[in-house]
Amino acid sequence: MAEHPDLFSAPAQEAPEDLGLRAAALRAQLHQWAHQYYVLDAPTVPDAEYDRVFQALQALETAHPELVTPDSPTQRVIGAVMEGLTPVRHTVPMLSIRTETDTEASGAETFDARVRRELKLAPDAPPVEYVAEPKFDGLAMSLRYENGRLVQAATRGDGEVGEDVTHNIRTIRQIPLTLPTGGRYGVPPVLEVRGEVYMRRADFDRLNERQREAGGKTFVNPRNAAAGAVRQLDSGIAAQRPLSFFAYGLGDITPAAEGGPDFATHFDMLRQLKAWGFPVAAQVRTARGASELVAFHQEVGASRDQLPYDIDGVVYKVNSLALQRQLGFVTREPRWAVAHKYPAQEMVTRVEGIDVQVGRTGKLTPVARLAPVFVGGVTVTNATLHNLFEIRKKGVRVGDQVIVRRAGDVIPEVVGTVPAALLPVAGALQGSDALADAASGADGTAPGADAARAAPRSPYVPNFRMPRQCPICGSTVVREKGEANHRCTGGLFCPAQRKEALLHFAQRRAMDIEGLGEKLVDQLVEGQVIRTLPDLYRLGLTALSSLDRMAEKSAQNVLAALEKSKHTTLPRFLFGLGIRHVGEATAKDLARHFGGLDAIMDASVEQLLEVNDVGPVVAEAIHTFFAQPHNREVVEQLRACGVTWKEGPPAERATLPLAGKTFVLTGTLPTLSREDAKDRLEAAGAKVAGSVSRKTHYVVAGEEAGSKLAKAQELGVPVLDEAGMLALLQGR
C-alpha cells in the first residue's frame, strides 16, 4: 500500500471527507502491517515505523472522536474495568479431546488402529489421512464474529458455559477485530473461531523480570500467566501482558445452505482461517497413516524445547470432515481426534531434605532432596532452590509438598509449595501435573510463603538456614551487600571450586587444554594429584599414565596440550582465572586498556573504572581477586611454570582515533567476521554496542542487515559498509 500523501501532515484546513479518508488509510496500513507481523511472521517495517503510524492515527482520532471505528487498532486496549465476568453459553459446546495415555510415539499407532476399527476398514485399505498439530499449553478460547466483526470472546469453562472476556481478548494484536471480505469462501454471517491464547517464553521471561523489578509476584509458567491475564476484570492489566493466539478450529458457523463455507477437510478449514487473518501454527501438516503420525510426534518432541512457546503434546484429527461426522462422538469426546501428550514438565512431590552445593565461583546453592518423581521425561530426585531468599519467598521447608519443574536440559527447580487448600489431595495426586496446575494462584502467580504458612506443619520442622562454614572446605561463608547468594571464601583452596576452576581454566575459550575434561579433573583432584592451577604444569608422564583409563599415549597427548597452552594471550589468561564478572569481552577490554598483567593486578578500583564497560561491581570483583595473596601466588607460579603471552603498552584511550565513538554492527560483512570487526574497532578506541540509539555515531551494515539498519536510517545515524569502516580505521 502506497503511503497517502497526507497521511502524517494534513493541511491546516482539511475537509471532513478527507479526514475520514486519512483515518481509513492509516487503519488499513496498520492492519496490513499487523497481519504481516503477527500472522505471516514476516514484518516489513521496523517497530518504530508501526508506532509512528499508530500515533498519527491516535492523534487524529483524539482530535476527531467521530472517526473512531470499532475495528481501529487504537481500540484494542480499552482500559475498562468490569464488575465481574458474565457467563456465556456456547452454542456449540467446547468439548475436550481424549488424551492418549501412552506418551511414547506408539500412542499414535494405537489411535490410528482405533480409527480404522471404528471405520471398519480392511487391513489392506489405504491409510487414513490426518491433520497433525501441536497441542498448545494455553487457554482455550472461542471468538464469535457476526458479519465479520468480533462481538464476543469466551473461555471454555465447563464446555457448556464459559466466561465473557471480550474486553481482554481485544488487546491481543494477533486477533483480528474485523475479517477481510472476499476470497474463496467470503465471510459467513456467523463465525466462531476456536483456538488457544498463550504466552511466548521470551515474553513470559520479560514479564516475570518486570514483576520482580516492581516487587510483585512472579508467575508459575506461561500458561498460568496467560490464563490469569485473560480473566482480569481490567483490560488495561491484560494489555500489559504480552498474549498471543493460535487458531485451530471452528464452533458455531452459518451452514453452507445459508451461505456459509462448505469445507471438505479440516486442513482446508485451517487454510481459510489463515486467509481470514488468524495465526495458524507453522508445524501443522497432513499425515497419512500411523507411521507419519509417529514421525510427527518424534519430530515435534525433539524440537519441543526450541519452540518459542510451550506445548504439552500433539493433536491428531481425521482430516476428512465427512469421516469425522461418520465417526461421531463418545461420552462427549470426538472419536476422530486425540491428544497425544509428552511427559509432563511440572509435577508435585515431597521435600525430604535440603542440601547445599558449592560451585566454581564459590556460590552456595541450596538443593531440595525430593521423593523421586518422573517429570520432563526423567526421574528427578533433586531440584535447585537457587538461594536463601528464594527459599524464604516460596516458604519451602523439609516435608512440604512442592511443585517441581523440568523442561529440556534445564536444571529441575522448585517452583513453589502446594497451598494448604490442596493438601488433603496432595498425597493422592503426588506425581501429578494436575495438582501442579491447581496449585498456582488465580492470577497465575506462583504460590509463595503465605500459602506455605497456611499449611499445617509439624512445629518441629525448622526454617532452613544457610551454613556459616563451607560444607566442602570449612572456610567462612559470606554474602556481599546487595547480593542474594552466599559464597565460600576458600577460593582455589576449596576442592569444590578447584574442580570447576580447573575445567574453566582448561576450556577452549580460555587456555584451550585439549583432553583435560571432567573425568580426568575428577581423578586429579580426588587423588590429590592437583591442588592448584600451577600443579597442572608440573604433571609428569608417570603420574598421568597411572590414572584409571589413562594409557601412556593419552597421557602424552594431555602433556603436549599443556605445553602448547603455555603460549597464550593475556585476555585468555585473564578469562581463565575465573574472576567473578570477568567474561571474554571484559578480559579483552582489561588487556587492551592496561597492556600488561602487572598493571591490572596493581590497579585501584578507580583505575579499573576507566576501562570500557567496567562498572563498580566488576571493578570491585577484580580488585578483590588480586588483593588476595593466594591468588597473586597462583599467578606468579603459573608464570614460573612457563605460561607466557605477549604484552603491549597501555592504551591511551583519549588519543586513539575512534575514542568516544559508538558503533553498531549488523548483517554479514564481505571479508571480516563480526568478532574481527569488533576487535578492530575496539582497538581503535571505539565502543561497539548491541543496539542503535541517538547516541550511536556509526552503523556498519553488511548483507542481510536487519532492523538495526532501519533504526539507523530512521534516526539519521550514518551507515558505513565494510570498506567505509576500514577507511575510517585507517584515518581516511
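Every residue, even glycine, has its Cβ placed from backbone N, Cα and C.
As recorded in Swiss-Prot, the features of this protein are as follows:
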- Asp47, Ala48, Glu49, Tyr50, Asp51, Ser96, Ile97, Glu133, Arg156, Glu196, Lys317, Lys341: NAD(+) binding site (BINDING)
- Lys135: active site, N6-AMP-lysine intermediate (ACT_SITE)
- Cys470, Cys473, Cys488, Cys494: Zn(2+) binding site (BINDING)
- 653-732: domain 'BRCT' (DOMAIN)
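A map of Swiss-Prot features onto the structure.
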| residue | record | DSSP (3 states) |
| --- | --- | --- |
| Ile97 | NAD(+) binding site | coil |
| Lys135 | active site, N6-AMP-lysine intermediate | strand |
| Arg156 | NAD(+) binding site | coil |
| Lys317 | NAD(+) binding site | strand |
| Cys470 | Zn(2+) binding site | coil |
| Cys488 | Zn(2+) binding site | strand |
| Cys494 | Zn(2+) binding site | coil |
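Using Lys317 (NAD(+) binding site) as the reference Cα, a 10 A cut-off selects none from the recorded positions Lys135, Cys470, Cys473, Cys488, Cys494. Distance noted between the C-alpha atoms of Cys470 (Zn(2+) binding site) and the residue listed as 'active site, N6-AMP-lysine intermediate' is 46 Å.
Comparing C-alpha positions, Cys488 (Zn(2+) binding site) sits nearest to Lys135 among the recorded positions Ile97, Lys135, Arg156. It is 48 Å from the Cα atom of Cys494 (Zn(2+) binding site) to that of the residue listed as 'active site, N6-AMP-lysine intermediate'.
Taking every protein chain shown into account, Cys470, Cys473, Cys488 are the binding-site residues, and of these the Cβ with the most other Cβ atoms within 10 Å belongs to Cys488. The closest partner of Lys135 (active site, N6-AMP-lysine intermediate) among the binding-site residues, by CA position, is Ile97; the full candidate set was Ile97, Arg156, Cys473. Sequence-distant contacts of Arg156 (NAD(+) binding site), defined as residues of its own chain at least six apart whose C-beta falls under 8 angstroms from its C-beta, comprise Met94, Leu139, Ala140, Met141, Ser142, Gly162. Local packing around the binding-site residues Ile97, Cys494 was summarised as the count of other Cβ atoms within 10 Å of each Cβ; on this measure the leading residue is Cys494. Cys473 (Zn(2+) binding site) sits 56 Å from Ile97 (NAD(+) binding site), taking the C-alpha atoms as the reference points.
DSSP states for the domain 'BRCT' (653-732), grouped as helix (H, G, I), strand (E, B) and coil, give 30 helix, 16 strand, 34 coil.
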